[in-house]
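Enquirer: Okay, handing you the structure first.
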Amino acid sequence: MSGALIRCFVAIPVSSEIAQLCADVARAAHSGRSLPAENLHLTLAFLGDRTRDALIELNDHFEAIKCRTFSIRLSGLGSFGNSLHMAVEPDSELLHLHESVQRCIRQAGLMLQRRRFRPHITIVRGIESALNKGFLQSPVPQATMVVTQFNLNSSTLRPDGARYETLSTYPLQLQGWSSQADDFADR
């Protein structure tokens with residue numbers, strides 16, 4: 001069964017507050033199909049179709065990532081093709097996590113398309129190409145979210161939209177926490 005392919009990606013899940021804000025903005029667009037709250041995420045890497053064995057090896061690499069929790073901030077609206085998204089400021093902590101994930105993927109021997117990382121949360125698919133450009137300039141409420149984990153997710157494509165399932169969760173280290181504190185707890 002290890003030869004079966006699983007369509008998957010690595011992502012940061014969004015908080016319920018950010019999901020609600022995204023839903024409000026998606027409704028205001030009056031175009032396309034809004035993504036359900038449980039599908040909202042910030043993609044760190046799209047892996048495509050992979051074997052279970054490849055994902056097990058990748059899991060070992062992801063578990064070794066040592067990044068601290070950090071905050072992300074929404075920075076406006078944007079679109080790629082027929083999708084509408086909330087842009088996220090590409091701060092140094094987010095870029096560090098993205099680079100760490102990319103490095104793990106390479107170490108596991110997996111190849112990815114080289115794409116510039118443009119952090120965003122897709123909120124609507126199937127928007128009209130004539131979406132009012134003024135709408136894209138609409139102010140987005142200042143919103144931040146603390147990133148405490150990233151996930152390895154599977155994606156099953158269906159006629160009514162993709163369904164995602166979390167395969168593994170990788171917690172980030174709390175700010176101010178060190179491995180010495182872990183050593184102390186073991187005594």
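Cβ atoms are placed via backbone N, Cα and C, with glycine included.
Keep in mind that TrEMBL annotations are predicted by a computer and have not been checked by a curator.
Pulled from TrEMBL, these are the listed features:
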ACT_SITE  HIS41  active site, proton donor
ACT_SITE  HIS120  active site, proton acceptor
MOTIF     41-44  motif 'HXTX 1'
MOTIF     120-123  motif 'HXTX 2'
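Burial and contacts for the listed features, if you can.
Expert: There are 21 other CB atoms within 10 A of the CB of HIS41 (active site, proton donor), with all protein chains counted.
Following the DSSP three-state reduction, the secondary structure of HIS120 (active site, proton acceptor) is strand. For HIS120 (active site, proton acceptor), the same-chain residues that are 6 or more apart in sequence and have a Cβ closer than 8 Å to its Cβ are LEU42, GLY78, PHE80, HIS85, MET86, ALA87, VAL88.
Using a Cβ-Cβ cut-off under 8 Å and counting only residues 6 or more beyond its ends in the same chain, the motif 'HXTX 1' (41-44) has close neighbours at 9-14, 72, 88, 97-98, 101, 119-121, 150-151, 153, 164.
Cβ atoms under 8 Å from those of the motif 'HXTX 2' (120-123) belong to residues 14, 18, 22-23, 25-26, 34-35, 40-42, 74, 78, 80, 83-88 of the same chain, restricted to positions at least 6 beyond its ends.
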Enquirer: Could you give me three numbers for the motif 'HXTX 1' (41-44), the DSSP helix, strand and coil residue counts?
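Expert: Per DSSP, the residues of the motif 'HXTX 1' (41-44) fall into 0 helix, 4 strand, 0 coil.
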